[in-house]
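So the structure is just underneath, and the comments pick up after that.
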């Protein structure tokens, strides 16, 4: 009988370890969202990127993909002043592959422009705000965000896992 109880206890401890590991890893297992800037229009002039960003929430870990005809456009990451003035930065080279992916690594405002003469002034500029995702705002009834919803589900899963771990901890000890 003691051997049976010992084996059950080992199995329970293993189950708790798995649940605890899932609870810790679950937030990192959510795949980040990838945004194709301008959707099917891509990175181009004469496009309203302010309207494109409406209703979107950007989080650390998400990425932006700038698709454009190579040689016809480029992408510069700039500061707010350069963004407003459509000025290329004094330091740094543009992205020029035609399919440039930028992973959002920090929170705050991010500004991007095309450095080809006249393109920024023709609307080829993007500004976004990046959040850390730990306190993602609830989606609004008029325009829910898939990213915010998936993060809410993960947060709920994490809370449920913690309840299970706590329950087994009380039962075991």
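Cβ atoms here come from the backbone N, Cα and C positions, even for glycine.
Per TrEMBL, the features are as follows:
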SIGNAL    1-32  signal peptide
DOMAIN    33-132  domain 'Phytocyanin'
TRANSMEM  153-172  transmembrane segment
Overall pLDDT for the domain 'Phytocyanin' (33-132), taken as the rounded mean: 97
Residues in the domain 'Phytocyanin' (33-132) grouped by DSSP into helix, strand and remaining coil: 14 helix, 35 strand, 51 coil
